[in-house]
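All remarks here apply to the structure that follows.
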Amino acid sequence: MTPDTASENLPRAPARRVDRAGVVIAAALAVLAAVLVWDASKLPSTTMYGMGPEAMPVVIAIGLVILAVGNLIDALRGNLPPRESMDPKPVWLIIGGLALLIAIIGFGGGFILATSALFITTSAAFGRRAVLADTVIALVITTLIYLAFDKLLTLSLPAGPLERLL
Amino acid sequence: MDTFAALAHGMAVAMQPMNLLYALIGVFLGTAVGVLPGIGPALTVALLLPVTYKLDPGGSLIMFAGIYYGGMYGGSTTAILINTPGESASMATALEGNKMAKAGRGGPALATSAIGSFVAGTMATIGLAFLAPWLVDFAVRFGPEDYFALMCVAFVTVSATFGDSPVRGLTSLFIGLTLGLVGIDKLTGQARLAFGIPELLDGVEVTTLAVGLFAVGEALYVASRRHHAEEKLEPVRGSLWMTREDWRRSWKPWLRGTLFGFPIGALPAGGAEIPTFLSYSTERRLTKHPEEFGKGAIEGVAGPEAANNASAAGTLVPLLTLGLPTSATAAMMLAGFQQYGLNPGPLLFAERPDLVWGLIASLFIANGMLLVLNLPLVGLWVRLLAIPQPWLYAGILVFATMGTIAAKPSVVELSMLAAFGVMGFLMRRFDFPIAPVVIGLILGPIAESQLRRALAISLGDPMVLLQSPMSATLLGVALIALLAPFVLRGLGRFKANED
C-alpha cells in the first residue's frame, strides 16, 4: 500500500467542513471554565503559604480554555472522526425511563416500581413490542432483586407500596 | 528472602476457606458479568462494588481480584464468539479469534486464550510479587512533590500520549479533574462547585460516574445505533481441546505477550491497548503461517490475550505500591479500597501486610480457578451470550441503577447518574476516551492535596517541585510525554494500520 499517493489523488468527498457539534463542545468547555472561575472567585483566600482552595479551579479552568480552543480548531478544520447515523428515538426512550425512575424514587414509589419502569422503557428502546409481557418480567425480576439484596445482603433499598406487601 | 515469607503468609490468608469462597464467587461473578457484550472489567468491578459494600475488607478485596481477573477472561470469550470486544484491550483478540470461531475453531481459540491468560497472569503476578516490595522501598522516600510529579506523568500518559487525539484525551481528563473539585475541600473545609446542594458536598462518587459513563452510556450508544448492529453469535463447534500443533504454535506467543504486557502495564503508561497490539503485530511478523493471519491464526489470539492479562497484573504494581491507577479498571479497584478507608501505597504494605499479600496470593488462586472453571463451563457462558438484547440491556440498567439506589437513594445522585450516562453517550459518539475522566476524578483530588502539602512545607515556594531530583525528572518525563504526540503525529496511527 502507498497511502501517501493514494490519498492525494482521491478527492476528499465532503471537503473539510465546519463541524457544528464540535463547535458546541468547544463552547461548552469554555462555559465550564467560566463556571469554575466564578465559583473560585467566591472562595475567601485564607491560606498563608502555598495554594488555597481557589488556586486549583483556576488552573483547571485555564486548561479547559486551552482545550476549548483546541477542540474549536479541530471542529473548524472538520478534523473530527466520522460519525455514524443514529436513531434518536431509543435514546429518548431510555432517558425517559431514567426520568421516570428518578420521579418514582423521589415520590416514594419504591425500588420495584422505579426499576420496572426503567426495564420496560429500555426493553422497548431495544425493539421489544410486548409491553405487557415485559411488565410482568420486569416486576418479577425486580422483586427478586429486591428480596435478594434487601433481605439477604441487607442493603437498604427504598420501599414503596409494593415493598411493604412483601 | 522477604518476598517468599510474605507471599507464604499471604497464601495462608488466601487459603482460608472463607477467602477461597470469596475468590470463587468473585471469579464466577466476574466471568458471568464480563461475558455480557459491552461490559468490560472496569464496569464489572463498578457494578459489583455495592454488592461487596457490607463484607469485610480482606474478603471483599479478594473477591474483587477474582472479579477483575474473571472480567478479563469473560471479555475474551465475548470478543471471540461475537466480535464485540467489551473493551479496547480485547480488540486484538477479536481480530483473529472471531475469524477462528467463524471457521469452526472457536474451541481452540477459547482454549488458547484461557491457557494463555493463565500463563501470563501467573507469570505477571510473580513479577508483581517481586517488584512490589522493591518499589515500596523506593516509594517510602517519596515526598509530596514527588507524588504530585508522578501523578502528572500518569495524567499525561493516560490521556494524551497513546490515544487517537491528544486534544480529546486531555479534554476527557480535564472533565474528570473538574468533577474531582466538587465538594468540600479537605484542607480548608470550604465547599467548591456545590452550588448550595447538600448532596454535592461529599463530592462525586466514583461508582456513580463509572456506572453512568460505562453502563448507561453504553446502553444509550448501542440503542442509538441498533440499526447498524449486526452481531452474530458463533456457536462453539468441534473440540474444545487444542491439538499438538496448536500447542506448538501457542506457547511462544504466550511468553512474548507476557513480556510485552507486564512491563508496559507496570509503567504508569496506562491501558492494555499498546501491548496487545504490539503483540499482535509481532506475532504477525514472526509467524510461519502468514497466510492464516486475517483468517484466524491461533498466534494472533494467544499473544494478545497473554499480553492483555499480563498488563492487567502489571497495572496492579503502581496501584498497590504507589496508589496510582493507570487504567479505568485499576481506578475502580482503587475505589474499592477507598470504600473501606484503605489507601494503597507503601504505608498499606507496612500497616496491613496480611491484606496486601493475601490479595496478591489470591490472584494466583483466582487465576487457577479461572482456568479450571472456564473451559468446562464455556457452554454456560455461551448461553449468557444468547440473552436477547432488549432484556440484556434492560437488566444491565436495572442492576446499574440499583447500585446507586442502594448507596444513596436520592434524586440528586440518580440525576447525576443519568447525566453521566448522557455524557458517556456523547463521548462515545464524538470519540472522546472514557478512562481519563474516571482517572481524573479519582486522582485529581489526591494530586491537588499532594501539591498543596508540598507547597505548604516549602512555605509557598514553587521551586520545590524542581529541587527534588525525582520530581524534576518526572515532570520532565510528563512534559515530553505531553509534547511527543504533537511532534510525532504518526505515532497514534499504527493502530489504524493493523486493521
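Cβ atoms are placed via backbone N, Cα and C, with glycine included.
Record features (TrEMBL):
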TRANSMEM  B:20-49  transmembrane segment
DOMAIN    B:20-439  domain 'DUF112'
TRANSMEM  B:61-82  transmembrane segment
TRANSMEM  B:109-135  transmembrane segment
TRANSMEM  B:147-163  transmembrane segment
TRANSMEM  B:170-188  transmembrane segment
TRANSMEM  B:200-223  transmembrane segment
TRANSMEM  B:316-335  transmembrane segment
TRANSMEM  B:355-379  transmembrane segment
TRANSMEM  B:391-412  transmembrane segment
TRANSMEM  B:472-491  transmembrane segment
Folded-back contacts onto the transmembrane segment (B:391-412), same chain, C-beta under 8 angstroms, at least six residues removed: 36-39, 46-47, 49-50, 53, 197, 199-200, 205, 207-208, 211, 215-216, 219, 222-223
Stretch with greatest number of CB pairs under 8 Å, the transmembrane segment (B:355-379) reference, B:20-49, B:109-135, B:170-188, B:316-335, B:472-491 candidates: B:109-135
Averaged pLDDT score, the domain 'DUF112' (B:20-439): 85
Contact call for the transmembrane segment (B:147-163) against the transmembrane segment (B:316-335), three or more Cβ pairs under 8 Å: yes
Cβ contacts under 8 Å made by the transmembrane segment (B:170-188) with residues that lie 6+ beyond its boundaries: 155, 158-160, 194, 200-204, 209, 423, 427, 432-445, 448-449, 452
Residues of the parent chain within Cβ reach of the transmembrane segment (B:109-135), under 8 Å, 6 or more residues beyond its termini: 2-3, 6-7, 69, 72-73, 76-77, 80-81, 93, 96-97, 100-101, 236, 240-242, 246, 250, 253-255, 257-258, 261-262, 265-266, 296, 298, 301-303, 305-314, 316-317, 320-322, 349, 360, 363-364, 367-368, 370-371, 374-375, 378
The transmembrane segment (B:20-49) versus listed stretches B:61-82, B:200-223, B:316-335, B:472-491: most Cβ pairs under 8 Å: B:61-82
Distant-in-sequence neighbours of the transmembrane segment (B:316-335), which means Cβ under 8 A and at least six residues beyond its ends: 40-42, 45-46, 49, 64, 68, 71, 127-128, 131-132, 135-136, 139, 147, 150-151, 154, 157-158, 206-207, 210, 214, 265-272, 343-346, 348-349, 356, 359-360, 363, 434-435, 438-439, 442-443, 446
Same-chain residue ranges lying at least 6 outside the transmembrane segment (B:472-491) that approach it to Cβ under 8 Å: 146, 149-150, 152-153, 155-157, 160-161, 163, 166, 465-466
